[in-house]
């Protein structure tokens, strides 16, 4: 990208799929970081996750595995919140005419979709997971629970992958259906329906990332943080692959959507 400055104005030469990307990205990030959204979400999820863990962390005999497993379970609620946040990212703007108006300007459809994916991914993961997890790490350290910083980061990254699953799923559904109700209903149904599919199936789904499945006492997140050997990496692979598929389908469908 090149730029030229004339009397204080900056001309951005963007073409192809990058057309309008800089402007849309700035607007997307501004909706998080230049409003009250970021600190409200940060305070809310720091309180929810750390409040639920506090009694266990500061108990008479705090146990790392139990604490880390509960941390994974609590992040599942954040994943559901991600779906709620994302339900109007596409459908709402199609209904209001905002998407059609934006795309009538010199902007490309891939740029529009990226401006929904990237800022929301960064915003939700930072405020709903990274900041609360940092506070949790301080808590467990002060409580004398030993945990490797690297393992903690790896476990938190897997929890972030679970969030990305629901974010990309909701984004894709927004390009496929016109009803906001359907967009939010499907992720919620899947979130809680995985446990009904039997342990052999749910053990390879995103559910196993944050919730113990079958005879296992810890989730993938809990095992990674605690240093327990993983039963399988299948849920990590399946979830990552699903995120890629959802993203590709979302971009493909959006390029063919009539507004």
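Note: Cβ is positioned from N, Cα and C throughout, glycine not excepted.
Annotations in TrEMBL come from automatic prediction, not curation.
According to TrEMBL, the protein has these features:
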type     : residues : note
TRANSMEM : 38-59    : transmembrane segment
TRANSMEM : 65-86    : transmembrane segment
TRANSMEM : 117-138  : transmembrane segment
TRANSMEM : 150-169  : transmembrane segment
TRANSMEM : 176-197  : transmembrane segment
TRANSMEM : 233-254  : transmembrane segment
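The recorded stretches the transmembrane segment (117-138) and the transmembrane segment (38-59) share 3+ CB pairs below 8 A when only pairs 6 or more apart in sequence are counted, and are therefore in contact. With Cβ pairs under 8 Å as the measure, the transmembrane segment (150-169) is packed most heavily against 65-86, out of 38-59, 65-86, 176-197, 233-254.
Away from its own ends, the transmembrane segment (176-197) comes close to residues 76, 79-80, 83-84, 87-88, 90-92, 94-95, 166, 169-170, 205-207, 211, 213, 249, 253 of its chain (Cβ-Cβ under 8 Å, at least six residues beyond either end).
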